[in-house]
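The next block holds one structure in the form of structure tokens; read it before the comments.
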């Protein structure tokens, strides 16, 4: 789970995290998914940092879609990669949904 803090106090502005805010993808409120294609130029490996960044962007998109405001990631629970690496050209789909919301905070699950 990624916990996001929504910028509900002060009427927007200032957040971080990015994620497009438009919430393309999912169906219902607070859900989103992102897919990115990387053309295979050579046999290159995708670094874990890029995958974590895409997970964060997807989580922020779900939080922003539900709240209508910018959001930032405050913490991230365990992340376990089931496969040791990805090759350039592999398709990566990241899905997220808001599990809970209270005050100005949200818990967002990422698959």
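Every residue gets a Cβ built from N, Cα and C, even glycine.
Bear in mind that the values here come from a model prediction, so they are computed numbers and not experimental data.
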If you check TrEMBL, which stretch out of 1-44, 45-88 is marked region 'Disordered'?
1-44
Determine how many residues of the domain 'HotDog ACOT-type' (28-111) DSSP places in helix, in strand and in coil.
20 helix, 33 strand, 31 coil
Which value does the mean pLDDT take for the domain 'HotDog ACOT-type' (28-111) in this predicted structure?
84
